[in-house]
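Features of the protein shown, as given by TrEMBL:
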ACT_SITE  D10  active site, nucleophile
BINDING   D10, D12, D208, Y220, D222  Mg(2+) binding site
ACT_SITE  D12  active site, proton donor/acceptor
BINDING   R19, R122, R133, R140, S178, D180  alpha-D-mannose 1-phosphate binding site
REGION    758-783  region 'Disordered'
COMPBIAS  774-783  compositional bias 'Basic and acidic residues'
Amino acid sequence: MGKKILCLFDVDGTLTKARQSIDKEIYVFLQENLKPVSTLGLVSGSDLKKVIEQMGEDVIYNFDYVFPENGLVYIKHGKEICRQNIQKHVGEEKLQQFINYVLSYLSTVTLPVKRGTFVEFRAGMLNISPIGRSCSQEERDAFEMYDKEHGIRKTMIENLRKQFPDIGFTYSIGGQISFDVFPNGWDKSYCLQHLENEGFDEIYFFGDKTDKGGNDHEIYIDKRVIGCKVTDPYDTKKQLEKLFNIKHLPPHLYGVSHYGDNIEDEWFMVFILQQLTKEIKGLIARVYDADGEFILIEAANVLPSWASPETSENRVYIYDGCIHLVRPSSDEDPTISVMEALSEIRSHPEETVASNEIQIAIQEKLQGYPEKTKDNLHRAKAFLPISIAAILKKKPNLIAPAVQAFCNRDTVDLKACRAMKYFPPEDRVMTRVTFTKCLYAMLTHSKYMPDKRTGWNLPSRSAQEYKAHLLGVKIACGFEILVSQAKPSSDIESDKGWHAYLNSLKDKEYFRNLLEHSTEYNNLLNKAKEYYVNHRDTMQYSPAIGQDVLELLRNRDFNLEELRNEENCLVDDDDESWLDISPEELDKMLQERYGQKKTFNLNNNADASTFTEKVSNAETSPVPPPRTKNKVSFTEAAKTNIKQSNKINFDANNFSCTVQNILNFVIPEDDSWDLDSDDDMSDYENDDYVKDQSYENEKSKMEAYMAQMDRELASTTIGQSFEKKQEESFDDIESFTPVDIDVNALKNILQSYKSQLGEAGPSSTMLGPMGVHLDPKEQVDIE
């Protein structure tokens, strides 16, 4: 059993340079190399906004434990658990006295420069900066050197200790320009109380300010952790590699693909990787998405018992054209590194190769490739601006981002569509565009009517060319949106992605309600811009594609005469009947995808009249005794479903019992009737639900009501239309023949089903859960 380990990190100077964003190399190392072998945690004296500024917006999800303000705010797996407040702990009067003295003291200190925000109030501490937190990075660096020489912060702390000996504060120097003030015991070791019941065998703490007086010192020397002193982020990485024996991956190719809504694209990539592992000896491939090891989803019913989303990470690979699963050595320690998994596959491929059932399940999903890709294409005519027709002829793959841009348009994009600055509608040509079926469906079902003032002159809806014109408008708008997002790398003010990112920062109160355009506000804004410019290629709103379109538009390398000539010889659109699916086709698709229920299916030659006849004749056949409930394990049930044949014989007796139980109809009987029979047809003798005498009394009353109603209706035309019990069963009774409720009920159900004409209705709704499916095309005589 492996140890449960937590690596707890300081931020400034440990994972990032002071007040800067984390380097991509360090971030990737933590997530891909360290996370498989250790739980990740952060503890910082800064508040959550500053932690997000340095570690990214997803920090509370990418790190299992996040402790802003030394753990006075406790966040676990993205959710805030609790928080503490210095104001309540110390009291407002003492707090004001302390702050007033700090400001008075700083007014007597002369420094090379001073800026704003000398005291920053946080939930669990005060952060005091002699130079002011709104200083620039260059001024921070200069003050750090000045402070080392003149001891500005140390001198101030000594003065505060003398002035407030009984206030119960701890003073801790951290970062480049400030020191923290918090109640005794509220240092970074405060966060450890939240981890006491988390079951960790070892907790490693990594920090740079571990000397006495530094804000990492108290937790560094705490007996509950193993302290590790580092000098910078890359020293942290080096120590982690040595501590956990992390070996870098062998030379490999790595890529990311955004497949959007088209799942078939994802599986086509799996097929390509499978073929590459067949062709290139020794090649091992791994593919995963936001859901994790998505390949296993197709084989969910035949996976080994140990396989789950939590235990399968880094254990699914493609090798020599087959799926390989690396089984965990023990149930208690499911984690494995990629290097360990690769070694296991190369050393014992016969042990890691997945079962035949898994291979078959996944191969069924890949069946038909690469030919299947042609079936996923749709070609249609579109009336497009000439420049777009030329661009698509040169780079037909650009239709995908154009469709995505149009379907995901917002109010800012609609402004671009009204202007049509780059692709005006004046000069257009009819051309044939190739889509994937997914893209075509998205585009055709996205409702949009262009502004006539822009210059779009659509024909009437009844016109044959209306569809091509409207399709061209949508495509043109998509390209216009792409180009409107394309901006030079130095210009982010008009970048749509930047404004989306900025709004998200404002929603998270990143600017702390500071006055816009103030010095500190601008300082935070510049840092946000720096982070965005460095990371925007990984964000959703990248202008790269739009820039490519803009370059193609500027080159104007197209032959207008050639496009006009091609317009006269275009073939018709592909059949788009695939857009509409009938209920029968949907049922078939669902049955193929999820399997078939255990049903009472009629054989292929049976019709509804035969069905009614069998149910009627069932009255003369013995009814089997009630079945006991069998306990079937999941594995046995799965095997039964797999082996179940589609040819199921119709059992009229069982069906009659099932319908009778669902409708809760009983055969009316009289106490004087002769029930001595080998058929043992009485439902009342073996009724498991009869528990007491009161129920028997109610039942007798109902029997009397039903019998009286039959007698009153017997002489009417309604009574003549009812099916009667066979006369031989009532030879010793008066001429009255009771109504056969079971047969009448079934007959009425079938009449209702016939009237539905194959559509949804009450009869199909009631029969469906029983597994009864009749052919709606069958013309039957239910008389």
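From the backbone N, Cα and C atoms, a Cβ is placed for every residue, glycine too.
Annotated features taken from TrEMBL, shown on the structure.
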residue: D10; record: active site, nucleophile; CB count, 10 Å: 27
residue: D12; record: Mg(2+) binding site; CB count, 10 Å: 23
residue: R19; record: alpha-D-mannose 1-phosphate binding site; CB count, 10 Å: 20
residue: R122; record: alpha-D-mannose 1-phosphate binding site; CB count, 10 Å: 21
residue: R133; record: alpha-D-mannose 1-phosphate binding site; CB count, 10 Å: 20
residue: R140; record: alpha-D-mannose 1-phosphate binding site; CB count, 10 Å: 18
residue: S178; record: alpha-D-mannose 1-phosphate binding site; CB count, 10 Å: 26
residue: D180; record: alpha-D-mannose 1-phosphate binding site; CB count, 10 Å: 26
residue: D208; record: Mg(2+) binding site; CB count, 10 Å: 24
residue: D222; record: Mg(2+) binding site; CB count, 10 Å: 16
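Proximity to R19 (alpha-D-mannose 1-phosphate binding site), defined by a C-alpha to C-alpha distance within 10 angstroms, is shown by the following recorded positions from D10, D12, D208, Y220, D222: D12. Annotation for Y220 (Mg(2+) binding site): same-chain Cβ neighbours under 8 Å, separated by at least 6 residues, are F205, G207, T210, G227, K229. Maximum intra-site Cα distance, alpha-D-mannose 1-phosphate binding residues R19, R122, R133, R140, S178, D180: 21 Å. Each residue contributes its Cα atom, and for R133 (alpha-D-mannose 1-phosphate binding site) and D12 (Mg(2+) binding site) these two points are 15 Å apart. Nearest to S178 (alpha-D-mannose 1-phosphate binding site) in space, judged by Cα atoms and limited to the recorded positions D10, D12, D208, D222, is D12. Among the recorded positions listed here, namely D10, R122, D180, D10 has its C-alpha nearest to that of D222 (Mg(2+) binding site). Put simply, D180 is the one of the binding-site residues R122, R140, D180 whose Cα lies nearest to the Cα of D10 (active site, nucleophile). R140 (alpha-D-mannose 1-phosphate binding site) sits 18 Å from D208 (Mg(2+) binding site), counting Cα to Cα.
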